[in-house]
Amino acid sequence: MAVNYSAKEEADGHPSGGVGVPGGGAVGGSGGAVKTRKPDNTAFKQQRLPAWQPILTAGTVLPAFFIIGLIFIPIGIGIFVTSNNIREYEIDYTGTEPSSPCNKCLNVSWDSTPPCTCTINFTLEHSFESNVFMYYGLSNFYQNHRRYVKSRDDSQLNGDNSSLLNPSKECEPYRTNEDKPIAPCGAIANSMFNDTLELYRIDNETRVLVPLIKKGIAWWTDKNVKFRNPTGDGNNLTALFQGTTKPVNWPKPVYMLDSEPDNNGFINEDFIVWMRTAALPTFRKLYRLIERKNNLQPTLQAGKYSLDITYNYPVHSFDGRKRMILSTISWMGGKNPFLGIAYITVGSICFFLGVVLLIIHHKYGNRNTSADIPN
Amino acid sequence: ISGVAIYTGMETKMALNYQAKSQKRSAVEKSMNVFLIVYLCILISKALINTVLKYVWQSEPFRDEPWYNQKTEPERKRNLFLRAFTDFLAFMVLFNYIIPVSMYVTVEMQKFLGSYFLTWDEEMFDEDTGEGPLVNTSDLNEELGQIEYVFTDKTGTLTENNMEFVECCIEGHVYVPHVICNGQILHDCTGIDMIDSSPGGSGKEREELFFRALCLCHTVQVKDDDSVDGLKKNQLSRRSCIYISSSPDEVALVEGIQRLGYTYLRLKDNFMEILNRENNIEKFELLEVLSFDSVRRRMSVIVKSSAGDIFLFCKGADSSIFPRVKEGKIEQIRSRVERNAVEGLRTLCVAYKKLTAEEYSNAQKLLQNAKLALQDREKKLAEVYEKIERDFILLGATAVEDRLQEKAADTIEALQKAGIKVWVLTGDKMETAAATCYACKLFRRNTQILELTTKKIEEQSLHDVLFDLSKTVLRHSGSLTRDTFSGLSTDMQDYGLIIDGAALSLIMKPRQDGSSGNYRELFLEICRNCSAVLCCRMAPLQKAQIVKLIKLSKEHPITLAIGDGANDVSMILEAHVGIGIIGKEGRQAARNSDYAIPKFKHLKKMLLVHGHFYYVRISELVQYFFYKNVCFIFPQFLYQFFCGFSQQTLYDTAYLTLYNISFTSLPILLYGLMEQHVSADTLKREPSLYRDVAKNALLRWRAFIYWTFLGVFDAVVFFFGAYLLFDNTIVTSNGQMFGNWTFGTLVFTVLVFTVTLKLALDTHYWTWINHFMIWGSLIFYIIFSLLWGGIIWPFLNYQRMYYVFMQMLSSGPAWLGIILLITVSLLPDVLKKVLCRQLWPTATERIQNASRHCREHISEFTPLACLKSPGYRSSDCSNSPARRSNSHSKKTMFTHWKGVDYSVLPSVFGYSNKPCRSSAGYRFSGSGLETSV
């Protein structure tokens, strides 16, 4: 007893789907030819593309777990052993404790002349066989603070002459001083680490200076591509930096950082190292290299050493600490017990889980499969 | 007269049955929005926490402004509150990626592109009509996988709406046109099979009257094939014309009568012309048409024969004709009609009465008055009709067959197995509709039929009937709490409810004493326990009412309405998903629907395969998006604790921007389009798998929290893994140090790989496109990073990423760290997956396992066997506490009613169609049984 609408007529005339139907229009060319509306029988359109259909079951995952276990545990052990073979020696020379030789320098300020110096003696129990890397470490120093991180001008550091005289706004409040643009501008450059560390080996009461190499501590690409001195006539850096002023806290301008021309100005490696902002508030930065001289002697023999510090860098005001670190390096970097332990742990867990899964698989697996395939 | 407006405006039937189209939102979208609010809260609280901590931390001036990091003058002068507010906003900006804006874009793309697969489906293309499925909205794709109730129209949906005149019964004699020609006009069939011998005398006269009545009492229009010399041609080849009517029954009748020898030629100048058996043209003047309406369920015409006699012919449903008949072989005809109705034929009774000129003029006057009435015209017309249409002489009855659609039974069976309740809503009479329901297996032989009809209500009060029914239903299902799959177990007693429009309106009608809620509740309770419900004699708006009633019941089930005619439009608009059949009764339904399909049988694939796929795809998509953004942003949050809450970003700007756009977007979009966790054939073969995703199973709070925690866990692994790797150590073999950008890049690399591999682990269907996208986007990430860091980009005012990625890759520990962190962050998810599959597999997983085995050793398997095993569980769906409270509320409701046997209580623990059963659920229903006994 259908209803008496005269809706019937609508059926004629419209070759279907012409009424703004999104799907309809697109099928089969939509030209209105009714016959072509039949969809193509292609594997894609019929969702029948050949496919690999993996399923994660205990059976398939078991080998993976065992394999992960078997690979990770040896790697972990390898890393752990390597890490343990690395020699590392660390001295905190902040001088907060009254007994510390550097205690007198604790409250230095930037412009204290003459600079405060102190000497710390220490003893290396073991000799450092291979090349030794000397780091300075700072704690509680927020190099990753947003205001700090962005306070630099990369085009100025890249040698762009217009940026040199007109540094980016990001450098505020270290952009200009006495109406002269600062080069290098910004908070990072302004707060560059400027303690000087010297290492002496005490050999029969005589202090033998350990030669420190100051090149090769920055990324090659940074030194050769990213950081460039301004260009102009001649190689006289003093002339090239004409019209700029030194950062407020620096004792000397940037073109007097080093005597060697290929380590001076913006391409001074100490400066480049400092400009790479650290990820965490406790960090270390590469300071010097100590190369092994010959194969007969270790780089640093076991024995007494003294560290001469020109203490310029104030950290006490923000509760910071300063350290000097001597470390050897292996293929996997410095001492880092975490990676080895983590590998061993994860490998063991995987292995253990593999065993658990094996048990489960045997206990429950049969029931399931037998339920699935009644033969 | 310059113009006449007939039936316009808001008083037309169409307008009266019209419903405002409301915006439909899918359940997935709703839960997506809820999740979004949760994330918004997380975002705000993160920003608040960080702002507060920032000021706590900064309270010491050496931290706020150490000598090496001075503020500018304007910064220093700024008001504290303003500063705090700016900081809050800065944190919001920093963490805003946790709100996955790109998710909305991806979801829209997934829906739009995904809907093409529906229209492309060859199996859903109908060769006969040349129609394929239409997608009118792609917003509801996934809702197709969530359907709990299907409301289907009968005529044209379950049945073909291809009416075929089967027989007529005149005065107890049965006439059958001897060529069954499927409603088509065949040229050479004039013969009549008379089962009984030809009647004599008055019988003959009645017979002719009957045929004339059928020829005259209709609103069929004739459309000539060739209008120029139509008449001539008609006479020569007799039938080159087409009958057009709004009701296919009428066409079938007129065509049937044509085969019995009487041809309706045309209506010309108010004269109806009939070609009788002797090839003479008889002319009748059409005096009045008392048109059909669904309340009277009959129509009449008053005609004047050439001899001058005035006849009133009436045709209508038996229930509306028999009470008005005063003579005729009522008993014989009634029995025949009932027999036909049981067989699923649509029956009409034909009656007449002869009017004297006086009677006619009276009637005409009354009609005229009523028609011209300005107020209550309809009511007055009805009264007049009532007056005129009585004291009939019964002539006979006709039977028209409406054949079942191809595979209708199969489809309904599959839907029921899938845990979907199928309701048939029809305007037809009860017997006819019930017969169709039996034919299409909605009711089975062992289904106990409960009737809630006007007849029953007349005998008892509605109250009593309802209580009786509920008692039967509930008692029985109470003893069967254990059995949950009505569709699967044949030994279970299931119920079918038949309700008619009048009874329904009684139930829906608000009571004076305000106890209407009870009836509705009770009715819903009965319905819930019936596996199938048939609603007959429904007005179009009543259909929508029923849908609304179910839609708003307390479980808020997802409903689907399917129909083909304009009378189904209101219910199509009302239901969550409306499906139109591109059928005979015009395009009204198809155009108002959300999806249109050519045949009812296509519903099966649409729901069980496409719907299921769409749902699985989009739910993974939504969860994954939240997950990957948590992974992305949570390390940023953690980093704030190590950079003095200064809003320093962990990742470079390019990474922040491109993470959601290029590095991780395409694999998940492709997953959203291509994923097939089970093959389409399996889904079709095993409708019960549909229960695994019912009730929004993959987007429950449990699942959401699992994904969020997984994201947080992974983020913690990324961040602290990198932290421990970098903390105060040297990670290069040349002793040089890495900065904060290397740190962020390491975290980001681990992040991109983990998140992509997590999706790879979830992908069950690896086509070459998936391989291309997943590995491609990882390779793209690497290439992009190499490029991004490989050049001094002249347009950038910072070069912080210069060579960072390369330097990182040149360091051994970074590689080892990346591999380790990826492994660790993927481990718990893999473990969870494997354990759940092994210990508590869902039906889907069982099928997956089985088909795996099947592929390995070639053996037949019957997955049904595994479904019966007791450990059946749906993933993350054991929300037994929720159900418990549900049950309690019902319990209290029950105790209010006196006279209810207390033993019905157990029933509340097991409605027949619970989509998910956990072992906990089992235990609970068991204990419930004990306490009540």
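Glycine residues also receive a Cβ, built from the backbone N, Cα and C atoms like all the rest.
Positions annotated as active site, 4-aspartylphosphate intermediate by TrEMBL: B:Asp153. Here TrEMBL flags B:Asp153, B:Lys154, B:Thr155, B:Glu250, B:Phe292, B:Lys315, B:Arg346, B:Thr426, B:Gly427, B:Asp428, B:Arg537, B:Lys543, B:Asn567, B:Asp568 as ATP binding site. Annotation comment: TrEMBL describes B:360-387 as coiled coil. Taken from TrEMBL, the feature transmembrane segment applies to B:34-57, B:88-107, B:654-674, B:704-726, B:738-760, B:772-796, B:802-827.
Here the features listed in TrEMBL are painted onto the structure.
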residue  : record                                        : CB count, 10 Å
B:Asp153 : active site, 4-aspartylphosphate intermediate : 31
B:Thr155 : ATP binding site                              : 31
B:Phe292 : ATP binding site                              : 20
B:Arg346 : ATP binding site                              : 26
B:Gly427 : ATP binding site                              : 25
B:Arg537 : ATP binding site                              : 25
B:Asn567 : ATP binding site                              : 32
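Counted over residue pairs 6 or more apart, the CB atoms of the transmembrane segment (B:738-760) and the transmembrane segment (B:88-107) come under 8 Å in fewer than three pairs, which marks the two as apart.
A distance below 8 A between C-beta atoms marks B:Asn567 as the recorded positions from B:Asp153, B:Arg537, B:Asn567 lying next to chain A. The CA atom of B:Gly427 (ATP binding site) is located 9 Å away from the CA atom of B:Asp153 (active site, 4-aspartylphosphate intermediate). Residue annotation for ATP gives B:Asp153, B:Lys154, B:Thr155, B:Glu250, B:Phe292, B:Lys315, B:Arg346, B:Thr426, B:Gly427, B:Asp428, B:Arg537, B:Lys543, B:Asn567, B:Asp568. The furthest Cα pair among them is separated by 25 Å. If you check the binding-site residues B:Phe292, B:Arg346, B:Arg537 against B:Asp153 (active site, 4-aspartylphosphate intermediate), none has a Cα inside 10 Å of its Cα. Below 8 A, the CB atoms of the transmembrane segment (B:772-796) and the transmembrane segment (B:654-674) form 3+ pairs separated by six or more positions in the chain. The predicted model assigns the coiled coil (B:360-387) a mean pLDDT of 84. For the transmembrane segment (B:88-107), the residues of the chain that approach it from at least six positions outside its boundaries are 32, 36, 39-40, 42-44, 46-48, 50-51, 618, 621-622, 625-626, 628-630, 632-633, 636-637, 640, 647, 649, 656, 659-661, 665, 668-669, 672, judged by C-beta separation under 8 angstroms. Under DSSP, B:Asn567 (ATP binding site) is assigned to a helix (H, G or I) in the three-state scheme. Under the DSSP three-state reduction, B:Thr155 (ATP binding site) is assigned to helix.
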